[in-house]
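To start, the structure under review is shown below, and the notes come after it.
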């Protein structure tokens, strides 16, 4: 295999190894993400039966881990090898993908601000879809439970959203013990309990007086909790976005410098 390398003055060792060090972290992080993703799939038996991927009705968090890991691993590899070998093709690929990701992030942020109502409706529908698939995947179940516990919420708009799940539905044909209940993550935390009571949400929604729910479960929907969380943490979100953007811009500038020097 041949690659093109310019015979003009090489890239400064300082810039070369700075870019290499910068990208090897992402390379190793990408490899770790991929390893964790495949480990999670092996634990769920997906690797031994790949048809489970197509039977999943909700969002499988492992997909996100694998996609992020794959992109990070590929970019880290291109950046490391491109800097060390002064491979212009790899450096161009690296800067092109980083620039595309930065553009997509910026576009997504602008669209989210402009189309706030549509984005809110999409998130609400996405949440309801995954409530239906709550018992289909253990990782999705843990993700929803963590979201509800951290934000002290239950369902997308209200606890009755759990009626869309076949196990928690109040339908007369439902013979599940969880009928007319909610997951334990909807329950109010009791500091006196050292062991989590996973049955605390049983039969809660069977009570006709919804005011009684307040003493057992969170009645605020997670969409309302998200709307309350964003204004309180607006500066944190802005700082995270700025830091990520600066890292990507610094990668681009460093890469462009290396490419210029190797011409």
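Placement of Cβ uses the backbone N, Cα and C atoms for every residue, glycine included.
Curation plays no part in TrEMBL annotations; they are all automatic predictions.
Marked as transmembrane segment by TrEMBL: 20-41 (among others).
Taken from TrEMBL, the feature transmembrane segment applies to 61-81 (among others).
Residues annotated as transmembrane segment in TrEMBL: 93-115 (among others).
Residues or ranges marked as disulfide bond in TrEMBL: 153-186 (among others).
Feature annotation from TrEMBL assigns disulfide bond to 154-170 (among others). Sequence-distant contacts (6 or more apart, same chain, Cβ under 8 Å) of residue 170 (disulfide bond) comprise 163, 179, 180, 205, 206.
Annotation source TrEMBL lists transmembrane segment at 234-254 (among others).
Around residue 153 (disulfide bond), the same-chain residues at least 6 positions away in sequence with a Cβ under 8 Å from its Cβ are 147, 186, 218, 220, 221, 222, 224, 225. Residues 19-20, 22-38, 40-41, 44, 46, 87, 90-91, 93-94, 97-98, 101, 139-140, 143, 251, 255 of the same chain lie 6+ residues outside the transmembrane segment (61-81) yet bring a C-beta within less than 8 angstroms of a C-beta in it.
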